[in-house]
Amino acid sequence: MSHVVVKNDPELDQQLANLDLNSEKQSGGASRASKGRYIPPHLRNREASKGFHDKDSSGWSCSKDKDAYNSFGSRDSRGKPGYFSERGSGSRGRFDDRGRSDYDGIGNRDRPGFGRFERNGHSRWCDKSDEDDWSKPLPPSERLEQELFSGGNTGINFEKYDDIPVEATGSNCPPHIENFGDIDMGEIIMGNIQLTRYTRPTPVQKHAIPIIKGKRDLMACAQTGSGKTAAFLLPILSQIYTDGPGEALKAVKENGRYGRRKQYPISLVLAPTRELAVQIYEEARKFSYRSRVRPCVVYGGADIGQQIRDLERGCHLLVATPGRLVDMMERGKIGLDFCKYLVLDEADRMLDMGFEPQIRRIVEQDTMPPKGVRHTMMFSATFPKEIQMLARDFLDEYIFLAVGRVGSTSENITQKVVWVEDLDKRSFLLDILGAAGTDSLTLVFVETKKGADSLEDFLYHEGYACTSIHGDRSQRDREEALHQFRSGKSPILVATAVAARGLDISNVRHVINFDLPSDIEEYVHRIGRTGRVGNLGLATSFFNEKNINITKDLLDLLVEAKQEVPSWLENMAYEHQYKGGSRGRSKSNRFSGGFGARDYRQSSGSSSSGFGASRGSSSRSGGGGYGNSRGFGGGGYGGFYNSDGYGGNYNSQGVDWWGN
């Protein structure tokens, strides 16, 4: 075989030249100056420069004067980390996340008003919109409004909360407000307050909102169900809307490309449990509706990869449990360099659960601004002296706020203690549930996980629609159980202490302590699940010889709350006190004076008219506390049930808690 070199003749060269893609003929009249540049087929009938002139770095057309929040149907700059599309200001074309389960049923939702973003990976820290005025509301969304604001009520005794005493100690305390309109919180916050149907602030909100708006540190003690969450979310979000993202925005942009950049939240809220963290996050969703603030939540027991992906889309307000937050910080996903607001909710519970090392790691041993630069708030139902002393390390010239009988219980809760042997508890429980009917939510507390499963099985086989939660359940199972309970599909929830703290389950009519806790503070938080925000509630506790260690504290608590005290409980408390005293450290002194917590900076012998007279002893003469209750609240359960049932008449016509 021979190899012949064939040279191109002039005719072949001419044919190849005629195939020039940049010739005048094929480019539709393009200028000769553009010769040498390849033009895609779909642009060959346009001007050579059209489609390339005003492009961003990703290659997609992007009008610079176009609002990133109002782009119906336009390409969404996929791959460009600093820009995202909103898919329209109305409902057309908006991504609907119904039926999708993120975070095992909670959290991470692609939602307008919360950082509208595509799931292709766009950052909430967008180049254009974040430089706009953060105080201006974004367009509304009817679907999102329905999702966020479709439940809840103010409670039949909400107006009575005005009688609750309040004491604030500290230098230069700002005056309290009477209505939300008394202080400027901006258009977005006021609009969301109307959507939540809040008619007037609760006592803790009246005092905490102006304190936080005045950029003062705060330690607040308030009874459960008093509106603590809104008390810190409203002023913090209001300040973020007013001040904008500040240096945090620049830090995120300079930190790296999408997928590797660290997020710098402006506000951090720490909570002891994942349930409470999710609850705070859902409240933050409400109050950040139609704003550019994007809340996020991270907690243990859920897919950390999904949480990281959610964080990478941007985070301005972060709600977290301490353990998972430390994990995120060590992974380089969260930086606290520009955190202006720190909130510790249920602070005593976090310390009881052993989170103090993680809290100190977060607050003192990382890059968080020091006290005096950041603004720190502590909220809890109880604040004993030990925790107040710890607060010296986190708070700077703080104001101590005591609202209601902190560490005690609300008089909206009727408490009943009955003697029940262990073998009789299940039959007693059936009697109670049979008298209650199926239209009210009942929360049953037990001490062990095995006991929760066993009792749920028993009630199920007795024909009751019930569910249960405890620490061994997966996050998905726990969320599903809470959803079934809240919706009324399973009106009976059996729970261990994991559900006792901070959960805001509205309309819980009855709390039953099937097993009493060994700690009186745990008892306070358990029964605080009912009677929330002015609603009337009922708490029944099964007592026997196993619970003798809390006899004295329980008696003091019932006396202070003007509840009916069984004679056998008084006798047991007397005998127990004079036969060697209470086993373990008595905590009854925490409830003296009506509030249960005092500012340790004040003299231990001082008193305040806001607290009422100190009880001093277990006398039932009515010292301390608040309200104008007569005797022990008018006898019985005030008509909750129409059955004689057990331990007294449930339909007593005596004087109610408010003297009616």
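Cβ atoms here come from the backbone N, Cα and C positions, even for glycine.
These figures come from a predicted structure and were not determined experimentally.
Feature annotations, reproduced from Swiss-Prot:
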BINDING   198-205, 222-229  ATP binding site
COMPBIAS  15-29  compositional bias 'Polar residues'
DOMAIN    412-573  domain 'Helicase C-terminal'
MOD_RES   Ser85  phosphoserine
MOD_RES   Ser89  phosphoserine
MOD_RES   Ser101  phosphoserine
MOD_RES   Ser129  phosphoserine
MOD_RES   Ser454  phosphoserine
MOD_RES   Ser592  phosphoserine
MOD_RES   Ser603  phosphoserine
REGION    1-141  region 'Disordered'
REGION    579-625  region 'Disordered'
MOTIF     345-348  motif 'DEAD box'
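Highest Cβ count within 10 Å among the binding-site residues Arg200, Lys228: Lys228.
When the binding-site residues Tyr198, Thr202, Val204, Ala222, Ser226 are compared by the number of other C-beta atoms lying within 10 angstroms of their own C-beta, Tyr198 comes out lowest. The average pLDDT for the domain 'Helicase C-terminal' (412-573) in the predicted structure is 87. Annotation note: Ala222 (ATP binding site) sits in a strand segment as assigned by DSSP. Taking the C-alpha positions, the distance from Ser454 (phosphoserine) to Val204 (ATP binding site) comes to 40 Å.
Of all the Cβ atoms in the protein chains shown, 15 others lie within 10 Å of the Cβ of Ser454 (phosphoserine). In the three-state DSSP classification, Tyr198 (ATP binding site) falls within coil.
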